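See below for the structure under consideration.
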Amino acid sequence: MTQGKQPDGVARTSYKDTLNLLQTSFGMRANASQREPELQEFWKQQGIDLELGLNNQGQNFTLHDGPPYANGALHMGHALNKVLKDIINKHQILRGRQVRFVPGWDCHGLPIELKVLQNLNQEQREALTPLKLRKKAAAFARKQVDSQMAGFRRWGIWADWEHPYLTLQKEYEAAQIQVFGKMFQKGYIYRGLKPVHWSPSSRTALAEAELEYPDGHTSPSVYVAFPAAKLPEKLRTSLGNQGLELPNNGLELGQALQIAIWTTTPWTLPANLAVSVNEKLDYSFAVDNQGRLLLVAAELLPSLRDTLALELTARATVKGALLAGLIYKHPLLDRDSPIVIGGEYITTESGTGLVHTAPGHGVDDFNTGQKHDLGMLCPVDESGTMTSEAGPFAGLNVLKDANPTIIAALEERGALLKHEPYAHRYPYDWRTKKPTIFRATEQWFASVEGFRNEALTAINSVEWLPASGRNRMEAMVRERGDWCISRQRTWGVPIPVFYEREGNEVLLNDETLAHVKALITEHGADVWWERNEVELLPPAYAAEAERWRKGTDTMDVWFDSGSSWAAVASQQEGLAYPTELYLEGSDQHRGWFQSSLLTSVAINSQAPYRQVLTHGFALDEKGRKMSKSLGNVVDPAVIIDGGKNQKQEPPYGADVLRLWVSSVDYSADVPIGASILRQIADVYRKVRNTSRYLLGNLHDFDPERDAIPVPELPLLDRWMLQRTAEVMDEISTAFDRYEFYRFFQLLQSYCVVDLSNFYLDIAKDRLYVSSPSERRRRSCQTAMALIIERLAGAISPVLCHMAEDIWQNLPYSVAEDSVFRRGWPTVPETWRDPSMMAPMHQLRELRSAVNRVLEDCRSQGELGAALEAAVRLEAHSEALQEALDWLRQQGDPDVDGLRDWLLVSHLQVGGEPWAELLASQDNALATIEVARARGSKCERCWHYETDVGQHTTHPTLCGRCVGVLEHQ
């Protein structure tokens, strides 16, 4: 087969103006820095970004916003969280549900207090009263809220921005006081002296949620020998029966027998009041190579021989129960203390099996101390400095010089068996990044024990996404202790309690609570610092106001945010309680999810949410946590607006940021970085270019005038609508299940594989070359108009700006002024024809196989465009033959020709094999032969036809193109 050249001497005419080329104002580039704010202003002016959700007639959908902390610049964690919420809200609005998203901010707490103090010099600090500090903190928080709000809005987040909730608002603070009051009335609030997590660096108690456990912490681990002073008779008898006789004299007994303990907090040894054992364990009296007996758990003897480098041989073994009542001497202080029975926390996993017990410095120690009436000793002040109760160690700091000093003293007394560093998880203050301690103080607690079972029941009523969240929350609530809710800080909601000035009585009752709540409702929590006891107490107590002093503690910030269901969701118009959904990072199982659950269950015996969805953390491309020191911080503002070097950090716009959020499996930690952003931007461009192609080919199309009924469309168009229906169904399911990565995958495949590479690739000829109003062109435009409207709707929860831009650039009129007023895209049943799926699958497989052979020819320089080729096919599979018959019998002759679908100039199915071949391939599907197409290239449609040159008016055109021009 040969290809002819154009006749010599023929003047070439440009036929570009006779083609139906793209016409659209929808840009190839997004110009996001200008266009996105314009679209956001359009939504605002048209009442789309708020009123649309408020005015919907469907069921209420409340996604309650977990308040971010009002401090610092927005980061990728904010972006992941807020965009996920916005995608869900926009989808629900499109589904016709009533949505009012109220954004919130957590405004109290130490970080803001510290920020205020950092900006003051020493003189200003000294002049700072608590009330002045609060005023400055409130101003700082509000400024941070304004800054963060502007960032959220730039991301295209829809919310009731004019009415956010801030935990510093007086109505919020009053609702929080009411939550506290109701819990108090139910007996769930109490004051007690208990060991709590204490931060010497912040000088306040901390809740579990305010702790972090950084890698790399080591503590000084010591094995210590406590000399025995007196044995209970039952124990002495049991030892005698085993042939072990011990001295009666206390001094001699102490030299002969010593109790071995292990601790990683040597600084707590001055507070030791007992040694605890497990009554069920076996304990050995083991002689070492110095002739001394050490009391240790029998099971640990082999490991202790290695650890202590001692020859330890058991002389006698008894159950732990027999050790109760053994008296020992403190190795550093003049104090005798007993061995007592502890609990199941005493194991043989580490240490010696005997536990140094300081009730003032540990929860298990405290509980054991309560059980055995050991008393309380906590010789450490709020800064971590040892008090006079620590004897010779007074003045030492427990996190600095106390440990080495005490270890040296133990060694000097001969009581130190071993000293080595020990790496383990240790709690740090999440704000100051410094170690915490356990310290017994008078604090206010919420008695979780009082409603633990109800909380566990409530957890089971919630749908947790992912499902593992249920087990995580159950374990935390089942194992947690009572909640320490008091803080020794100024910037917060006051614990509304009065203390007797001369005695120990506490004044807190329904009357005082109601009075304080009324004052805060009117004036805000500052009133607690602005007024004296005469005004803060109810009138009935005014006469004895001098007897009382107001408390200075504030509430844990987790109690603040944990009251949001009461202050916001259950109070404000357009919201619902229990809410449909809470959505935050996975760290909130021990934070906001839990504090909200506890307060809601305590008061109303139900969870505040029906669903809880968690996401992971944003990491760099190597899976590392972002930090300034590593230089791997990805700034969402730079993603949107670009960096200093815009070639290296181009301005991608908010939609690319949003598309990234949709692309990740957020149930785990998610990576983000320059190369990932380039990939996401590439997908964005493909979706945009596909949309632009659809819009550009509709410039002369009016659906009312030009559309063809769907049942009358050619097979190719009907299949494309059937495929669109499938994709829309799958996208709807993905959104319903919050599986946005499935949306991302479906969108990419639909735009690239189904539309660009197949349907639109085939459609170019009939779109460009046909007469403008020709049926083969109008049928394609009909399908394209139906597709672009649904594509715009389907992407609108994620690519909200692009979707609206598409809608504003539709070249024909539609009833709705915004894509969001159209609602969630649906497809008529006339689009659905599952019988097309099997034959179309075969034909697409055939097209892919032919393209591979053509590509091989191109790579070898034997072919340029596919239209230079002629192809002969021979079907091998029955399924393909049936598909070819189906296409031939049911296809539209002007559109559904296999030659046009393969984009070649000539096609032969069956018949004799060709002689002059460029390539030939046999596979299970078919025999594919490729040769050069006969004829010459038409200057207008680029097909190779044998009739080119036969038309004197247009000597470089094929007969088809001549016919089109003559018709025009």
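From the backbone N, Cα and C atoms, a Cβ is placed for every residue, glycine too.
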Looking at 68-78, 112-122, 508-518, 662-672, which one does Swiss-Prot call motif ''HIGH' region'?
68-78
Distance, Glu584 (L-isoleucyl-5'-AMP binding site) to Cys938 (Zn(2+) binding site) (CA atoms, angstrom):
61
What mean pLDDT score does the motif ''KMSKS' region' (625-629) have in the model?
86
Within 10 Å of the Cβ of Cys958 (Zn(2+) binding site), how many other Cβ atoms can you find? Include all protein chains, please.
28
Between Glu584 (L-isoleucyl-5'-AMP binding site) and Cys941 (Zn(2+) binding site): CA-CA distance (Å):
56
Just the number: how many Å between the Cα atoms of Cys961 (Zn(2+) binding site) and Lys628 (ATP binding site)?
64
Taking the recorded Zn(2+) site as Cys938, Cys941, Cys958, Cys961, identify the other residues of that chain whose CB atom sits within 8 Å of the mean position of the site's CB atoms, giving them in sequence order.
Val769, Glu939, Arg940, Trp942, His943, Glu945, Val948, Leu957, Gly959, Arg960, Val962
Among the binding-site residues Cys938, Cys941, Cys961, whose Cβ has the fewest other Cβ atoms within 10 Å?
Cys941
How far is it from Cys958 (Zn(2+) binding site) to Glu584 (L-isoleucyl-5'-AMP binding site), counting Cα to Cα, in Å?
64
Provide, as an integer number of angstrom, the distance between the C-alpha atoms of Lys628 (ATP binding site) and Glu584 (L-isoleucyl-5'-AMP binding site).
24
